[in-house]
Each structure stands twice: as C-alpha cells, then as structure tokens.
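This report refers to the structure that appears directly beneath it.
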C-alpha cells in the first residue's frame with residue numbers, strides 16, 4: 001500500500017517530468033526549425049511563414065535572439081488571452097466546447113475541495129479506528145471515511161456533504177448545458193452557408209425494377225417535396241478505387257524519395273528490394289520499379305473508374321439530397337417519409353469533411369448484425385482486460401503479495417524500490433496497458449458502420465468510457481481490495497468479508513492518486529512537447545520532403561482525438577465525484593489535472609490541432625450523460641459503503657439521491673437536448689429569409705451540386721462528369737420524371753419518355 005513517502009516520491013518524479021517537458025517545449029518552440037511542428041495551424045491558415053534571422057544559415061535552424069529565451073513561459077498567458085468568441089471563429093465550436101469540459105471540472109471540484117478539507121478531513125482524521133483494526137492502511141487512509149468506526153454518527157456528515165456536492169454538481173451542469181445549447185444555436189444562426197445545412201442523407205432506398213437509384217430518388221423527392229427539392233448526389237461504392245488511389249499515392253511518395261536521393265547522388269542509382277516492407281526479395285532499380293508500379297496502378301485505377309461508371313451495382317441505395325432552403329431540409333431530415341419506417345430513412349447529412357465514405361457502401365440490413373458482433377467482441381475485450389488490470393494491482397499492493405510470495409520480500413523491502421513500485425509503477429503500467437485500446441475501439445466503431453467521423457468518435461468514446469468505468473475503476477477497486485486485504489480475507493468469517501471490502505475501497509484512492517499524477521500531470525505536460533510528431537516531422541522533412549505540398553503533409557498536426565481524450569477526462573470526473581466524500585485527499589490532484597490540461601489543450605487548439613470537421617458541439621449531451629453516470633455511481637458506492645460500515649440508519653436517506661439525479665438528467669434532456677439533435681424550423685426560416693434578402697441571386701444549385709462527391713472522384717477529367725454529378729436543369733413545369741411502367745400514375749408528364757400519364761391527362765395542361 002502506498003504511503004505518504006511513496007506518494008511523495010511519485011509526486012517528485014512526476015513533477016520533475018512535467019517541468020522537464022514544459023521547459024523542453026518552451027525551448028524547442030523558439031527554434032525556427034521546429035516552428036511548423038508547434039504552430040502548424042497558422043501555416044495551414046496561411047498567416048505564418050518560416051521564421052528567419054537576417055539570412056544567416058544558422059538562424060534558419062536555431063533562434064539566435066537571446067531576449068526571446070527570457071520569456072520562454074510566455075505561451076501560458078498567450079494561451080489564455082484569446083477570448084472565447086475569437087476562439088470559436090479560429091478553431092470552431094467543437095474545440096471551444098471541448099475546453100469547457102475542463103472548466104466544468106474546475107467549477108465542480110474547487111468548491112468541493114474547499115468544503116471537504118474544511119469539514120470532512122477533520123471529521124475523518126480525529127478518529128483512531130484504523131490504528132486499532134487489522135486492516136492494511138497508511139497515513140493517507142486516516143483522512144478517509146475508512147477511519148470512522150462502524151455505526152458512528154459521524155457518517156451523517158458524509159451523507160449531508162454528499163447532498164451538498166450533488167446539488168452543486170446539478171447547478172454547474174444545468175448552467176453549462178444551458179450555455180452550450182445557447183452557443184450551439186447562436187453558432188448555427190451566425191454560421192456562413194454550408195452544404196450540410198441544405199442536405200439530407202437518405203438511406204435504405206428500396207429497389208425498383210424500372211428506375212435506377214438516381215431516377216428513383218429524384219422521382220420520390222419531386223413528388224413528396226415538390227416545392228423544396230433541388231438536386232441529389234447518389235453514393236457509389238468506390239472503396240476499391242479509393243484503395244488504388246491510396247496505393248498509387250504511397251508509391252508516388254517512394255518514387256519522389258528515390259528521385260530526390262538520386263538527385264543528391266547522381267553517380268549512384270538507388271535500389272530497393274521487392275519483398276515484404278523492402279526487407280527481402282530481389283534487389284531492383286528503385287526508380288524503374290516504382291515508375292512501373294505507378295503505371296500499373298494508373299491503368300487499374302482507370303479500369304476501376306470505368307467499372308464504377310458503367311456498373312449499376314456500384315451504386316449504393318443511399319443519396320445526398322439537397323433542398324432549396326434550410327427549412328425544406330429540416331422538414332425532410334426530421335420527419336418519416338413513408339408508412340414503412342425502415343425505408344427512405346432520412347437524417348441530417350454530415351458536413352462533407354465529416355463523411356466516412358467507406359461505410360456508406362455497407363448494406364443497411366447488415367448494420368444490425370455488425371453491431372451485434374461488435375457488442376459481443378467488446379464484452380470479451382472488457383472481460384479479458386481484467387487480467388492486466390489485476391497485474392497492475394499486484395504492483396500497487398505489495399504487502400498483500402509479500403504474504404503470498406514471501407521470497408520477493410528482501411528485494412521489495414528496499415526503501416527506494418518499494419516507494420518506486422508503489423508510488424509510480426502502477427500508474428505508468430496502467431497507462432501502458434491502455435495505449436492500444438483507443439485504436440481497437442475505433443476499429444470496432446468503424447466496423448459497426450457509422451457514416452460520419454464525428455459519430456465514429458462519439459461511439460468509440462462511449463466504449464472507452466464504459467471500459468474505463470468497468471475495468472480501470474471498478475476492476476482496480478475490486479481486485480485491489482482483494483489483494484490488499486488478502487491476509488484479512490483468509491483469517492476472518494465470510495460474513496465479515498463485505499465489511500472488509502467496504503473499508504478497503506476508500507483506500508484505493510492512493511492508486512488513483514499515482515495514476516492521476518502519471519497521466520494527468522506528466523502525461524498532459526508530455527502532450528504539449530509533441531515529441532513523436534517532432535521526430536516524425538524531421539525524419540520526413542529530411543528524407544521525403546521535396547515540395548511545399550510535401551512539407552504541409554509532413555507537418556499534418558492531426559485532430560484533438562475526441563474518442564480517447566474525452567473519456568479520459570470523464571475518468572477524472574468519476575474519481576473526483578466518488579472520492580470527494582470518501583477520500584477528499586484525492587481532490588487536489590484532480591484539480592491540478594484540470595487546470596494544467598485546460599492551459600495545455602487551449603494552447604494546442606489555438607496553435608496545433610486542425611479541426612477535421614465541425615459538428616456544432618453535437619457531442620455535449622454525451623458529456624452530460626457521462627458526468628451524470630459518474631454522479632450516480634458515486635452515490636450508489638457511498639450507499640453500499642455506509643451499509644457495510646454499520647450506518648444502516650442513515651443509508652435510506654441516500655436512496656433519494658439517485659432518483660433525484662435521474663430526474664435531473666431527464667429534466668435537462670427534455671429542456672436542452674433537442675437543440676443538439678434537431679434544427680428548429682423557426683431558426684431555419686429566419687436564416688433562409690435573411691439570406692434571400694442579402695443574396696437574392698445566389699446560385700444555390702451550383703453551390704450544392706458537387707459538394708458530396710467521393711474524394712477519389714474530385715479532380716478527374718471532364719469525361720467522367722456524368723458519373724459524378726446529377727446536373728439536369730430544373731424546370732418547374734416538369735416536376736416528376738419517371739420511367740416506371742408498372743405504376744405510371746405521376747400527375748405530370750415524364751421528360752424521359754415524352755408521354756403524358758393516361759390516368760391524369762389534364763394535369764399537364766393545368767401546369
């Protein structure tokens with residue numbers, strides 16, 4: 001069990017690591033050679049260029065201005081200086097609202113920490129229950145609820161404080177939900193014209209024997225939305241073509257690399273091996289090899305384009321349908337189109353940058369099967385991951401292991417080694433075990449078939465959060481309590497085991513303290529250093545960069561990674577809410593994390609991360625739900641803890657808290673969530689009216705026509721335009737083109753066959 005000495009050693013290691021990272025960053029960011037690594041966002045915006053020092057060759061690589069080093073920590077106030085409205089204009093609403101999650105942590109836990117240390121810590125400390133018990137404990141545990149004897153009336157203090165903390169969390173969450181909902185509506189109202197504001201994604205279009213997907217889509221929407229339908233773009237299964245384009249690009253990069261190498265040494269022609277990863281196989285001339293490979297891929301690409309163009313099976317039963325107004329798109333996206341609720345499914349189209357094209361080709365009826373498979377796979381992943389979690393807990397509970405494996409005692413009992421193992425190693429071991437998890441969960445979400453990147457990240461974030469709650473939190477508490485109190489379990493009666501676990505749970509705060517320092521202090525400081533992108537950029541810059549475009553690709557900063565970063569934040573909410581009453585000593589460590597992370601990620605969002613999409617803070621309801629979930633877990637755990645500690649008379653009072661919390665969640669859901677899933681028709685009409693007044697002659701169809709073309713089709717020759725777009729002149733007198741022979745009951749003539757419907761011959765003359 002970690003003692004104050006162990007925690008002190010861990011704190012020293014992590015503080016020194018964090019300070020070293022921050023100082024290294026402050027120095028490296030001033031060097032001209034690293035400017036594109038630490039300020040790539042400004043380069044992508046075209047407002048920053050590579051710094052120079054008066055033509056001096058050395059000055060292109062090293063900052064020779066000694067005065068600039070005196071202000072090496074100036075990035076901190078600079079990161080806080082940009083006001084939120086300007087931040088939204090600069091980085092988008094998603095980024096600005098993401099930063100508000102850290103502010104919520106500070107708003108919730110700073111007052112909690114003040115009250116907890118003023119009231120709960122003295123109540124816990126002024127007891128000697130742990131000193132007189134057989135439980136393994138440290139001085140830190142004397143600050144927790146475990147130090148209060150069973151049946152004590154002092155538990156009423158913890159119960160009252162749980163109510164206070166709960167209602168304070170309600171207040172903060174309500175204010176933030178209201179604020180973010182208002183920010184979202186204001187953002188949508190003030191935002192410039194975007195294709196997704198006028199476009200709906202239609203899926204599960206039913207097959208028709210007489211009409212193609214494109215003709216059927218046009219027919220359906222001209223009939224059912226005659227005054228608002230404008231144009232549409234069918235979706236093609238271009239996954240194979242996309243793979244060919246990607247392979248061709250990769251081989252072209254290798255060709256550029258070897259050409260550059262040959263230019264540097266004309267006397268020596270570069271060679272490569274044709275086997276796996278270039279490590280084995282026949283040695284050949286690299287330039288000739290990649291030139292031939294690119295020619296072959298170009299031929300395959302051309303054939304695949306022709307196949308997609310001519311093969312009707314390459315058309316997916318889905319389409320992006322655009323409307324004349326936001327109001328028309330809002331009505332279509334938020335209503336049921338037919339009496340069969342499984343056909344003609346409509347939803348708001350993601351913005352073009354947000355579309356995940358690979359999944360649009362998945363047949364709709366396969367999605368349920370895929371999600372079932374992912375659900376089963378995720379269950380087994382969560383279940384088997386408890387093994388490494390249990391291993392981490394063996395490192396955190398040396399006393400229990402020494403009793404079961406006494407031969408390790410001479411090594412473990414060495415002072416520094418023991419402090420290092422208990423105070424630092426468990427946190428770093430857990431972080432290592434979690435490194436690959438986000439990639440696995442993102443792969444699962446992609447396999448499920450979601451069609452936009454923002455949804456993929458939200459689904460992966462949900463899985464990651466569930467995993468953290470079950471394995472990292474509950475798994476660590478349960479396995480840690482079992483290892484920690486192993487000797488006590490063996491020598492006591494079964495009816496006392498529940499009480500022992502109840503008393504041991506608060507003591508796991510020491511493990512989470514070490515984890516918060518490793519992940520929340522040193523880890524966050526390491527984030528701003530960007531050591532991995534720094535190394536990769538310089539390697540690419542040295543070996544591969546030939547043009548300015550190559551340099552831009554080499555400095556690609558990526559995005560903030562909502563799927564992994566947001567669940568990690570939520571873990572700290574869970575820890576803070578659970579241990580605020582149980583072990584308040586954890587709260588300062590969590591507050592440091594939120595404060596440091598807010599400054600660091602504000603700097604990164606302003607200067608580094610490039611936003612891949614803009615969802616208008618659509619993720620906020622998920623953030624709210626996860627904090628509510630953490631609050632309910634904290635209440636249930638305290639309820640169970642008090643029941644095991646002989647406070648049965650006070651526990652019924654706690655039963656009302658989970659009920660109140662669920663009621664509060666549904667109150668906020670009904671009050672605010674519609675702003676995140678629906679677009680008010682009043683807002684849509686207001687924006688349409690203003691736009692018509694300001695730009696009465698705007699050519700909306702030309703603006704929307706090619707907005708949702710698959711990226712691999714962009715930039716192709718004009719000969720392929722008929723493949724990519726539906727570019728037929730819209731004529732108000734010809735409302736419904738159709739080729740149907742089985743049901744020719746459309747009340748206007750068809751432009752495809754030139755005849756009038758025999759059932760309604762007079763309608764065309766009326767039009």
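In case you wondered, yes, glycine gets a Cβ from its N, Cα and C as well.
Sequence annotations record features per position, and here TrEMBL assigns transmembrane segment to 6-28 (among others).
For 9-176, the entry in TrEMBL reads domain 'CSC1/OSCA1-like N-terminal transmembrane'.
Feature annotation from TrEMBL assigns transmembrane segment to 101-125 (among others).
Nonlocal intrachain contacts for the transmembrane segment (155-174), taken as residues 6+ away from its ends with a CB within less than 8 angstroms of a stretch CB, comprise 104, 107-108, 111-112, 115-116, 119-120, 123, 145, 148, 577, 580-582, 624, 627-628, 631, 634-635, 638, 642, 645, 647, 650, 653-654, 657, 660-661, 664, 668. The transmembrane segment annotation in TrEMBL covers 155-174 (among others).
Residues annotated as domain 'CSC1/OSCA1-like cytosolic' in TrEMBL: 197-359.
Annotation source TrEMBL lists domain 'CSC1/OSCA1-like 7TM region' at 370-642.
The transmembrane segment feature in TrEMBL is assigned to 372-396 (among others).
Sequence annotations record features per position, and here TrEMBL assigns transmembrane segment to 416-443 (among others).
Look at TrEMBL and you will find 464-483 (among others) tagged as transmembrane segment.
Among the features that TrEMBL reports, transmembrane segment is placed at 571-601 (among others).
Summarising the annotation, TrEMBL assigns transmembrane segment to 622-642 (among others).
Taken from TrEMBL, the feature transmembrane segment applies to 648-668 (among others). A Cβ distance under 8 Å defines the sequence-distant neighbours of the transmembrane segment (648-668), meaning residues of its chain 6+ beyond its ends; these are 155-156, 159, 162-163, 166, 170, 173-174, 177, 624-625, 628, 631-632, 635-636, 638-639, 642.
If you look up TrEMBL, you'll see 735-767 marked as region 'Disordered'.
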Note to self: Checking distant contacts: for the transmembrane segment (101-125), what same-chain residues at least six beyond its ends satisfy Cβ-Cβ under 8 A?
What the structure shows: 142-145, 147-148, 154, 157-158, 161, 164-165, 168-169, 172-173, 176, 566, 569, 572-573, 576-577, 580-581, 584-585, 587-588, 590-591, 593-595, 597-598, 601, 623, 627
Item checked: Reported mean pLDDT - the domain 'CSC1/OSCA1-like cytosolic' (197-359) -> 87
